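K.L.:
Sharing a structure below in structure tokens format, with a few things to ask.
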Amino acid sequence: MATSAPLRSLEEEVTCSICLDYLRDPVTIDCGHVFCRSCTTDVRPISGSRPVCPLCKKPFKKENIRPVWQLASLVENIERLKVDKGRQPGEVTREQQDAKLCERHREKLHYYCEDDGKLLCVMCRESREHRPHTAVLMEKAAQPHREKILNHLSTLRRDRDKIQGFQAKGEADILAALKKLQDQRQYIVAEFEQGHQFLREREEHLLEQLAKLEQELTEGREKFKSRGVGELARLALVISELEGKAQQPAAELMQDTRDFLNRYPRKKFWVGKPIARVVKKKTGEFSDKLLSLQRGLREFQGKLLRDLEYKTVSVTLDPQSASGYLQLSEDWKCVTYTSLYKSAYLHPQQFDCEPGVLGSKGFTWGKVYWEVEVEREGWSEDEEEGDEEEEGEEEEEEEEAGYGDGYDDWETDEDEESLGDEEEEEEEEEEEVLESCMVGVARDSVKRKGDLSLRPEDGVWALRLSSSGIWANTSPEAELFPALRPRRVGIALDYEGGTVTFTNAESQELIYTFTATFTRRLVPFLWLKWPGTRLLLRP
């Protein structure tokens, strides 16, 4: 729509002579001409130090520049009128959409009163109420707040970027962990399948060997039976003929007695062994293989269960709790017994009468495992001697199983002497009971002064080892009979499960298990009154 002549005339009146656009924030200079505020700042002095008016060339002072509020309002109204002329009926103006209007004068808000903290239009700014106040352009007043908002926004954006980066890294870590778990799952399945395959192959191999032995025994049995039946038949025929000959009259018997006896010379009849020596040897070797299999599987099961269920921990001894009868190594992992009390100063945490010592590390949860090595000359030799005795007994049993030979057991003078010395041996065993050691766990609050029983009711769960045997330190003591004397005692503590399990760390044989409800901190416990013996914590 074409602009009308009156409106065009008004537009010319409110047009800046410098920028040829509507007067923006109009101001008047000393000569009375009106320009945009921003245009006056761009005016440069032609001669001298004062700028001159672009129209009349008269100099003016910038400090004398004054705003023309009414003209600014007129410019707004012209712009609004121009827009409204092209607006459809009922359509909301852009100013009404984008800007708030003064509630009093319905004019656009341009200024901000710093004294009252209110937004002002041109009319409000020139009113008696706000004229003495400091009023600045709304954009200028908003600039510091906008900068604060932008600074805060920048901080928030950095925080957002950090969170997004943290989330991305966390997601990547989780995905990597899940991938690792999947790989470990496949590894577990593959390893167990390989183990199953190996065990199946070994099982089939052993069963094949067993089947061959069964076949050899069965064939030997048939030969043994057949040979025995043949010998019995031959003997029956001879017996029958001799019985008939014995019933003959004397005259008939004496006619050919010599010839008859010569036909049946006296000979040894066959007495064979039911099992061939080679087969018997193979059977014994197979029994040894089964023992090795049993021992190997037991060690494997014990080690696997220990490694998967329990955490192996490295423990040390607490020197402040060590009795004066004990001597600790520099690394606090080895203890020896001395018959002389060496402690000059009795620490409050020290055992005074009992030769005991506690571990420096305690446990209040979880499943943990450590070992105690018993180092003593001859500690493992008794076991080997026992094996030799068992082998000798087996040889004697084989000799007794022979055919046609036998022997009687006669008591010797040495046996009588040994029977007479039983009382002396019993007295020596009673003395050996005093020379022993204990390994186990104890509450960190266990009593340490005076003579102690060191039993579960006192907060100690331990085994007692000596050259004469092994006992669980219960009330009363329970003697134990493990297959092998342990050179290393494994101690497995399940705090929540309430168990302390002792095993032979080398053969994985279960020795004893204490059950209890633990409520206090538990620490390793050693007790040693055995000259020539050392206890070492492993690892």
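Note that Cβ sites are derived from N, Cα and C of the backbone, with glycine treated the same way.
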K.L.:
Check each of the ranges 16-57, 310-351 against Swiss-Prot and return the one annotated as zinc finger.
P.N.:
16-57
K.L.:
When you get a sec, could you say which of 97-138, 223-264, 265-306 is annotated zinc finger by Swiss-Prot?
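P.N.:
Feature zinc finger in Swiss-Prot: residues 97-138.
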K.L.:
Any idea what the model's mean pLDDT is for the domain 'B30.2/SPRY' (295-539)?
P.N.:
80
K.L.:
On a count of neighbouring CB atoms within 10 A, which of the binding-site residues His105, His130 is highest?
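P.N.:
When each Cβ's neighbours within 10 Å are tallied, His130 leads.
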K.L.:
Which one of these binding-site residues has the most other Cβ atoms within 10 Å of its own Cβ: Cys102, Cys124?
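P.N.:
Counting every other Cβ within 10 Å of each candidate, the maximum falls on Cys124.
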K.L.:
Helix, strand or coil by DSSP: which one applies to Cys124 (Zn(2+) binding site)?
P.N.:
helix
K.L.:
Apart from Cys102, His105, Cys124, His130, which residues in this chain have a Cβ no more than 8 Å from the mean position of the Cβ atoms of those residues at the Zn(2+) site?
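P.N.:
For the Zn(2+) site, the extra neighbours are Arg104, Glu107, Leu109, Leu120, Cys121, Val122, Met123, Arg125, Ser127.
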